[in-house]
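Below is one structure; the comments refer to it alone.
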Amino acid sequence: MIKQFVRTSLLSCASIAVLAGCGITESITESASATGTQTKGVPKNIIMVVADGMGPAYTTAYRNYVDDPSTPEVETVVFDEILVGNASTYPARVSGYVTDSAAAATALATGVKSYNGAIGVDVNKQPVNSVMHHAKSKGMRTGLAVTSQIVHATPASYIAHNESRKNYNEIAEDFFDVRVEGKFVADVMLGGGTSYFERDDRDILAQFIDAGYEYADSYNRLASVPAGSNVLGLFAPVALPAVLDDKRKNRLEYLTQHAIKHLENDNGFFLLVEASQVDWAGHANDIASAMAEMHDLALTMEYLRDYVKANPDTLVILTADHSTGGLTIGANGDYRWSPEHLKSMSASVMTIALEMANEDNPGEFVAQKLGLSLSEEELATLDSVSNQDDETRFMAVKTFLDTKTNTGWTTGGHTGVDVEVFAFGSGYQSFTGQIDNTDIAKTIFSFIDKKQPVIIDSDSNKVSEKVSTNIELTSDEDDDGLCDFKEDWRCN
Ligand SMILES: [Zn+2]
């Protein structure tokens with residue numbers, strides 16, 4: 001069997017309208033055979049799940065959090081079933097070793113490392129195209145389902161091009177203005193963010209409605225949109241509520257199910273899902289929200305696991321963009337972690353901290369919202385902060401839970417540790433072992449390319465109009481098919 005490595009210009013400059021110049025993303029296309037028909041392990045549908053901020057300590061903490069303490073073992077969870085490897089997350093050299101969500105999302109979306117703050121642009125601030133642009137260029141349906149505002153760093157990097165993640169209004173304009181061969185980049189967009197789309201200076205929401213998109217402004221309204229529609233679903237002015245405060249405790253699973261309902265078609269689809277608020281819990285050093293957001297993600301992964309069982313031509317990848325907060329399971333030299341104190345909460349720490357100021361018995365109010373019976377001393381401690389400002393009350397309640405659970409944190413920002421990679425379904429083997437975050441995008445690009453027959457002439461160097469040059473030819477003695485590992489020696 002001959003393996004051909006072909007450097008492909010994914011989208012021509014003319015084929016995509018971008019606001020500032022034209023960038024061409026390149027990726028390695030591995031053509032499996034001279035006929036170029038679909039190879040084994042090439043998925044029809046690709047679902048990329050990003051858990052923002054979910055370093056390895058979060059998945060371990062979650063396993064402990066849902067553990068049944070009456071049994072001798074710690075039961076495994078969905079993440080344990082699907083783990084395949086580990087990814088490095090460092091940004092472009094100019095930003096050092098610790099990435100932000102924008103540079104990491106740009107890497108995951110485009111395969112190009114950039115500086116912290118970059119949205120779909122390289123270190124020279126030139127636009128680079130994402131796997132979502134590429135999927136659209138190949139006739140796939142495309143979408144996203146997130147719990148942040150949809151213009152936040154991770155979803156933005158799959159659609160927009162901007163030198164700064166902070167330019168939310170410009171990014172929202174890109175959602176309408178950036179086109180792939182005249183088509184919108186995303187057919188389905190679910191999350192928060194009406195304030196960026198329904199503005200006095202430009203009503204992008206109205207533009208999408210005029211362009212034929214169904215609009216849903218509530219979870220329940222979303223359920224009534226006919227399957228196969230193009231949908232803009234914006235359920236909050238900015239981000240969705242924290243899951244502990246939301247009416248739907250499975251909101252990400254719900255949005256994911258509905259996105260898939262609208263995306264399924266014969267040509268396949270690409271869907272980006274983001275558990276956006278794991279990161280925000282990490283920044284706030286809030287273990288209660290961290291575990292609650294992880295639970296919403298776990299429900300989503302269980303749903304996707306079942307979806308792939310019924311639709312084995314689908315690939316699901318889950319990773320984090322980085323870790324947040326320096327979470328530790330156990331702290332201060334004490335070999336104890338007590339997540340059971342987090343299991344009966346009926347509101348987020350932030351909401352409890354805001355509302356306790358209006359209560360006659362703030363300590364009792366906090367105890368009731370936490371679902372815990374507290375000592376007189378603990379109640380008095382909470383009573384004593386009720387007249388303080390919002391920030392002080394928040395810190396008091398969250399520190400109270402840190403002490404109860406013996407949770408540690410090292411930073412209010414990100415850390416540079418590698419993150420786990422999870423994958424299952426068609427082609428999952430391509431993500432095993434130690435990889436880099438850019439490898440995930442490169443593999444998705446190659447899968448999308450392989451979905452369409454590639455025509456190679458008798459000289460083995462002309463592939464199609466969109467392929468510029470033939471880079472390398474190697475022979476492979478192995479007749480079993482593609483080597484799924486990055487380095488060939490691992491398959492010998
Ligand atoms: Zn963050």
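Each residue, glycine too, has its Cβ placed from N, Cα and C.
Now, the feature entries from TrEMBL:
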ACT_SITE  Ser101  active site, phosphoserine intermediate
BINDING   Asp52, His152, Thr154, Glu274  Mg(2+) binding site
BINDING   Asp52, Asp279, His283, Asp321, His322, His414  Zn(2+) binding site
SIGNAL    1-20  signal peptide
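Features recorded in TrEMBL, as mapped to the structure shown.
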residue	record	DSSP class
Asp52	Mg(2+) binding site	coil
Ser101	active site, phosphoserine intermediate	helix
His152	Mg(2+) binding site	coil
Glu274	Mg(2+) binding site	strand
Asp279	Zn(2+) binding site	helix
Asp321	Zn(2+) binding site	coil
His414	Zn(2+) binding site	strand
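Rounded to a whole value, the Cα-Cα separation of Asp321 (Zn(2+) binding site) and Asp52 (Mg(2+) binding site) is 6 Å.
Apart from Asp52, Asp279, His283, Asp321, His322, His414, the Zn(2+) site neighbourhood in this chain, defined by C-beta within 8 angstroms of the site C-beta centre, holds Gly53, Asp100, Ser101, Ala104, Val278, Gly282, Ala320, Ser323, Thr324.
Cα spacing between Glu274 (Mg(2+) binding site) and His283 (Zn(2+) binding site): 17 Å, rounded to the nearest whole number.
Proximity to ligand 1 (Cβ under 6 Å from any of its atoms) holds for these recorded positions out of Ser101, His152, Thr154, Asp279, Asp321, His322: Ser101, Asp279.
Cα proximity to Asp52 (Mg(2+) binding site) (within 10 Å) is found for the following recorded positions from Ser101, Asp279, His283, His322: Ser101, Asp279, His322.
Considering only the recorded positions Ser101, Asp279, His283, His322, His414, the residues lying within 10 A of Thr154 (Mg(2+) binding site) on a C-alpha to C-alpha basis are Ser101. In this structure the C-alpha atoms belonging to His322 (Zn(2+) binding site) and His152 (Mg(2+) binding site) are separated by 15 Å. Distance noted between the C-alpha atoms of His414 (Zn(2+) binding site) and His152 (Mg(2+) binding site) is 17 Å.
The Cβ of His283 (Zn(2+) binding site) lies under 8 Å from the Cβ of Gly53, Thr324, Gly325, Gly412, Gly413, each of these being in the same chain and 6 or more residues away along the sequence. Of all the binding-site residues listed here (His152, His322, His414), the one with the fewest other CB atoms within 10 A of its own CB is His414. On the backbone, the CA of His152 (Mg(2+) binding site) and the CA of Ser101 (active site, phosphoserine intermediate) stand 9 Å apart. Long-range Cβ contacts of Asp279 (Zn(2+) binding site) within its own chain (separation 6+, distance under 8 Å): Asp52, Gly53, Met54, Ser101, Asp321, Thr324.
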